[in-house]
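Trainee: Structure provided below as structure tokens; questions to follow.
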Amino acid sequence: TFQRCVHGMIYLAVLVAFAACDAPPVPLDDIVIEKTFVPEQCGRAVKVGDYVRYHYNGMFPDGKKFDSSYDRGSTYNVYVGKKQLIEGMDRALVGMCVNERRLVTIPPQLAYGKEGYGDVIPSDAILHFDVLLLDVWNPDDGVQSETYYTPENCSRKVEVSDYVRYHYNGTLLDGTLFDSSHTRLRTYDTYVGIGWLIAGMDQGLLGMCVGERRIITMPPSLGYGSNGDGSDIPGQASLVFDVVLLDLHNPKDGVTITNQDIPQPCLRKSISGDFIRYHYNGSLLDGTFFDSSYSRNRTYDTYVGKGSLIGGMDEGLIGVCIGERRRITIPPHLGYGEEGTGTKIPGSAVLVFDIHIIDFHNPSDTVVITTNYKPEVCETLAKKGDFVKYHYNASLMDGSFIDSTYNYGKTYNIVLGANQVVPGMEEGLKEMCVGERRHLVIPPHLGYGERGVDGEVPASAVLVFNIEMIEMEAGLPDGYMFIWNEEVSADLFTEMDADKDLQVLASEFSDYILRQVNEGKGRLAPGFSANLIIENMFSNQDRNGDGKITEEEFKLKADETPHDEL
């Protein structure tokens, strides 16, 4: 029989072999179907009432082609089982899967019968069709969504009027790619549910989480309909979109604060106008990293509430505690808007900042002094001009170590009021007594300012000192570097002029002053170089700068200066 003769042969060979068989052909009672290719997966088989798109080659038993959809460059589109096809083809298409290929032999009684079809198909012709199914759908079909990846955390799902950013690959039902956002290296950004998308995509995106991946399949009635898009999408085509959602927000969204870790106690919270130092990691909503202060090994330092930051960060940094960690999620209208930054941050992107507050202060802040210990007897208090010796531990507000005198095994020694330490330390040491311990918090404008100390103190850093007064030596009255403890000699110049040559040399002057100090008759300001003080005193008396003091110069200087060093 014909079936035995052609069994296992490919279609063209079938046609040749058919003519060469010894056995005469036997009339067919029904169609003959040979499946030459069946896809591994068949999500759906053609049923009566379905609409299909398929390609075919039509030939007679001798191999002569009488028709081909390929030659016309367009699929054949038709409903199945509704007598829009010859009966044999109506039967042959039922049960087919997309991308399945069948060789179909149709007897004349199920084709064009005795009448044939004009000059194309003669009477009682057996027809052979090589059919490839490309698409199938039903008028009752809706959108089908299949999620194949769901993120662990899904705090929010797409709703109508949300604005989304997503990547997609768009294919026809047979897998033919017609578009992809990946090839453009840019997400598709749009509102959902307000008619900006084809209806099927509007429906298919609803309920998605950021990071979710799903396959959205839609019939042409919810896609591009009977006309297609005029280029890559044919008319009456089912569409398949492989979508990954990257971003989601609503125009009504505000700043969201989550994942707070608040240290206790929190003695102060930031307000508008404060200057703040913080670290951050910045990412998009899908986790894509775009910036980090840690990578620069430097905090971000700025005023809050004064427009120096994007609106969302300005808002998100209000009310923080020093040491606090929080996540600030910022919608694009409070971030970088529709334009983004042009490189790392795309347009209309939601931003996520994980921040750590290092310190903050206000330009109106003063030194905060807390006394941790005060001796029972605390009568002599440090004042301007006093020479003090103290120990300290220095750190930043986040506890980062800066320095400690204990590491060196010696005190730090200064003269109060001589600008030998930062102004905040001057303030903190005032009115301390020996043995007293204090905790100082010094704002940067009373510390090391906007520049800091390279490699030790960051710019604009608040400083924390724990100090202990060890020793104190009373200073001289303001403006004096030397004072007499006794009545000044009436013949002071003569006493200085050791060689009685009526002029005092620098060596004579120095020897005399040091002798008075050693004998307790005079006193030099503590904490300074004695030699430098004496040199300065001599220079002040040497009016003409000739290296010696005459009695006339000495008297004139004394007469002119009410608060003379001598």
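Heads up, the Cβ atoms here are built off N, Cα and C, so glycines get one too.
Sharing the record's features from TrEMBL:
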- 1-21: signal peptide (SIGNAL)
- 49-137: domain 'PPIase FKBP-type' (DOMAIN)
- 161-249: domain 'PPIase FKBP-type' (DOMAIN)
- 273-361: domain 'PPIase FKBP-type' (DOMAIN)
- 385-473: domain 'PPIase FKBP-type' (DOMAIN)
- 529-564: domain 'EF-hand' (DOMAIN)
Trainee: Per DSSP, what is the helix/strand/coil residue tally across the domain 'PPIase FKBP-type' (385-473)?
Mentor: 13 helix, 37 strand, 39 coil
Trainee: Counting by DSSP, what is the helix, strand and coil composition of the domain 'PPIase FKBP-type' (273-361)?
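Mentor: Split by secondary structure, the domain 'PPIase FKBP-type' (273-361) comes out as 12 helix, 36 strand, 41 coil.
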Trainee: Treating G and I as helix alongside H, and B as strand alongside E, what does DSSP give for the domain 'PPIase FKBP-type' (161-249) in helix, strand and coil?
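Mentor: DSSP composition of the domain 'PPIase FKBP-type' (161-249): 13 helix, 35 strand, 41 coil.
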Trainee: Taking all residues of the domain 'PPIase FKBP-type' (385-473) together, what is their mean pLDDT?
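Mentor: Mean per-residue confidence for the domain 'PPIase FKBP-type' (385-473): 95 out of 100.
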Trainee: Quick check on the domain 'PPIase FKBP-type' (49-137): DSSP residue counts for helix, strand, coil, in that order please.
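Mentor: In the domain 'PPIase FKBP-type' (49-137), the DSSP-based counts are 14 helix, 37 strand, 38 coil.
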